[in-house]
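Peer 1: So Swiss-Prot lists these for the protein:
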ACT_SITE  53  active site
ACT_SITE  99  active site, proton acceptor
BINDING   56, 95, 499, 536  ATP binding site
BINDING   97, 537  Mg(2+) 1 binding site
BINDING   98, 99, 100, 101, 120, 244, 318, 319, 320, 539  substrate binding site
BINDING   121, 274  Mg(2+) 2 binding site
């Protein structure tokens with residue numbers, strides 16, 4: 001037993017395992033399986049591996065329902081990231097991760113290490129990372145602590161992403177009071193690779209070596225997995241020791257060396273895995289489990305940056321910029337030399353065994369000896385679920401916006417943080433560092449050129465959690481649909497999904513119901529779009545003092561554009577172009593931005609979503625884009641038609657003159673399955689013939705500063721310059737206000 005550690009009997013009697021997240025039943029199960037009391041280190045490694053953050057023991061029964069295979073899928077859930085075939089022996093690799101709890105405690109480091117962790121997932125698969133996107137949720141901007149979190153998170157993402165040289169190309173940011181105590185920091189990374197470079201995280205081959213590479217191990221992030229598997233209490237002291245500290249310059253060295261090793265020594269590399277949640281413990285044990293093997297580690301060999309670290313600390317540390325490689329026996333020196341030439345630690349710390357045991361040695365003592373399969377398969381929990389009481393209380397009556405002064409309503413709407421331009425935040429991110437970004441932040445989706453080809457990859461993150469609060473299943477369907485519309489607006493065809501499932505405590509039957517219904521809704525539309533869910537992340541226990549966030553399943557989506565010369569942008573391009581609305585507008589106000597703005601809350605039954613209308617609208621855009629008939633395309637979402645029109649005008653610095661056969665309120669309706677597009681006069685006839693009765697001509701793009709909108713009840717004039725100023729400066733003004 002290591003000095004100052006509790007004895008097995010003291011572990012049992014003190015019940016420290018409960019503090020670490022194990023239940024009484026789980027501890028008893030461990031005792032039964034081992035036929036003895038687990039020691040301090042063994043109890044610790046079970047607490048890490050059986051945490052919800054690592055094991056998904058509570059969410060896995062639901063996650064198994066995800067549809068995750070079609071002819072493009074080369075790697076689905078279960079590895080570091082998902083992989084899709086994009087033709088020409090190339091593949092796109094992508095995944096999303098969350099760093100919610102750490103970003104609340106230490107906003108800068110929490111967000112920065114979220115970027116670092118997801119990038120390692122990408123390059124551990126053999127792919128060169130090409131882009132990062134962020135899906136962020138914060139409390140209201142009139143809260144001083146929220147401003148502190150926003151500043152720290154934005155700086156952390158920029159500080160890490162810019163330094164490592166991977167462009168941050170897009171994402172979305174929302175603000176709602178429910179996130180004040182639980183901000184959400186979801187990061188999606190995308191990589192590109194040749195298919196023959198694909199790696200997996202496995203430890204097979206008896207006697208093969210386990211090589212530790214990268215940064216030294218410290219005490220940062222210990223218990224990070226357990227920390228992310230519990231809800232907050234505002235009365236509790238923040239656990240800063242559970243937050244990792246990142247070094248992007250070191251990460252760049254690790255990334256480059258890892259990709260070089262794969263290029264030059266793929267014949268001797270058996271497996272690669274990032275040390276993420278639960279650190280060395282999770283990466284090594286999961287690699288053994290995938291191969292049905294055992295592992296023997298000598299912890300004396302683990303590089304340490306702090307003195308006196310215990311086996312418990314060495315195994316559960318979540319120090320950043322570390323990888324595990326499994327290399328063929330006798331071939332280790334080539335890998336060691338490569339990493340050491342980059343001034344990185346590279347040392348053999350163990351071997352693959354055939355006994356199915358996870359065995360740890362420290363100072364000539366066996367400090368852990370447990371079955372790999374048992375360690376890596378936490379007992380699943382099928383939890384009870386019940387429809388939230390609020391849903392039964394919502395009426396089907398749609399909220400009626402107050403249209404007393406339409407012009408003022410528009411200007412006030414543009415100043416709302418969820419609607420207003422995020423340019424003052426995105427400007428901190430380097431979106432052009434690799435010079436392949438064709439559509440930068442601020443458009444519907446980012447577009448990245450694939451070098452030496454005509455192709456491009458479109459990518460986006462989307463979710464409107466207010467919709468899910470009103471109807472989890474329909475809201476989730478709409479999240480997938482909106483992501484797809486954003487991809488389609490660039491001209492690309494959606495090909496796959498990664499998810500970031502952010503929810504409250506699954507121990508609450510109402511929250512578990514929300515999770516179940518959200519997954520069902522995602523599946524519903526994903527199957528129809530032929531976009532398999534190939535990777536993802538679950539972040540539960542997003543609660544503070546019993547107050548849960550809205551159900552927030554972030555949808556990360558990637559699309560493929562076969563010919564980048566057909567790419568379409570959000571901005572109106574030239575005066576005289578015809579403006580069209582694709583799709584029908586209905587009474588869709590419950591859960592809308594105008595409802596929140598005018599009442600301070602959202603309520604009521606969510607408006608309808610029609611799958612067939614959605615697919616038809618998207619197909620119209622794809623068809624006319626393929627014929628090069630569009631000068632611009634923009635999907636409609638928060639804020640409705642008026643916001644979509646103004647965003648296209650602002651992006652192109654052009655005005656417009658439109659007439660709509662609708663009452664004023666419909667300018668703010670958030671009916672899904674709609675786009676605003678612009679078409680050159682010479683293409684008008686062909687466009688209308690192809691699009692059919694799903695489009696309505698609204699008016700024309702103009703070259704002057706005036707925006708003219710005629711409805712059945714009003715004539716509205718706006719100044720492009722003054723309106724754009726409100727849209728662009730509102731968030732910066734709110735952040736800087738005392």
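Note that Cβ sites are derived from N, Cα and C of the backbone, with glycine treated the same way.
Let's see these features in context: how buried, what's close, how far.
Peer 2: Within the same chain, the residues at least 6 positions away from residue 99 (active site, proton acceptor) whose Cβ sits under 8 Å from its Cβ are 110, 111, 113, 114, 117, 185, 187, listed in sequence order.
Note: residue 56 (ATP binding site) has non-local neighbours 63, 538, i.e. same-chain residues 6+ apart with C-beta under 8 A of its own C-beta.
Secondary structure from DSSP puts residue 537 (Mg(2+) 1 binding site) in a beta strand.
The number of other Cβ atoms within 10 Å of the Cβ belonging to residue 120 (substrate binding site), over all protein chains shown, comes to 29. In the three-state DSSP scheme, residue 120 (substrate binding site) falls into the helix class.
Of all Cβ atoms in the shown protein chains, 26 besides its own fall within 10 Å of the Cβ of residue 121 (Mg(2+) 2 binding site).
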Peer 1: If you measure from the CA of residue 121 (Mg(2+) 2 binding site) out to 10 Å, which binding-site residues from the list 95, 100, 320, 537 are inside that radius?
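Peer 2: Cα within 10 Å of residue 121 (Mg(2+) 2 binding site): 95.
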Peer 1: For residue 274 (Mg(2+) 2 binding site), identify the closest of the binding-site residues 95, 97, 120, 537, judging by Cα separation.
Peer 2: 120
Peer 1: Provide the number of Cβ atoms within 10 Å of the Cβ of residue 318 (substrate binding site), excluding the reference atom itself.
Peer 2: 31
Peer 1: Recorded positions 53, 120, 318, 320, 499, 536: which have a Cα within 10 Å of residue 97 (Mg(2+) 1 binding site)?
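Peer 2: Final answer, ordered: 499, 536.
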Peer 1: I'm trying to understand the geometry here, so how far is the Cα atom of residue 53 (active site) from the Cα atom of residue 537 (Mg(2+) 1 binding site), in Å to the nearest whole number?
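Peer 2: So the alpha carbons of residue 53 (active site) and residue 537 (Mg(2+) 1 binding site) sit roughly 9 Å from each other.
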Peer 1: Over the residue list 56, 95, 499, 536, recorded for ATP, what is the maximum interresidue Cα distance in Å?
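Peer 2: Farthest-apart Cα atoms in 56, 95, 499, 536 are separated by 17 Å.
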Peer 1: Can you grab the distance from residue 95 (ATP binding site) over to residue 320 (substrate binding site)? Cα atoms, rounded to a whole Å.
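Peer 2: The Cα atom of residue 95 (ATP binding site) is 18 Å away from the Cα atom of residue 320 (substrate binding site).
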Peer 1: Cβ within 8 Å of the ATP site's Cβ centroid: which residues qualify beyond 56, 95, 499, 536?
Peer 2: 63, 77, 96, 498, 500, 501, 533, 535, 537, 538
Peer 1: Rounded to an integer, what is the Cα-Cα distance in Å between residue 120 (substrate binding site) and residue 499 (ATP binding site)?
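Peer 2: So the alpha carbons of residue 120 (substrate binding site) and residue 499 (ATP binding site) sit roughly 18 Å from each other.
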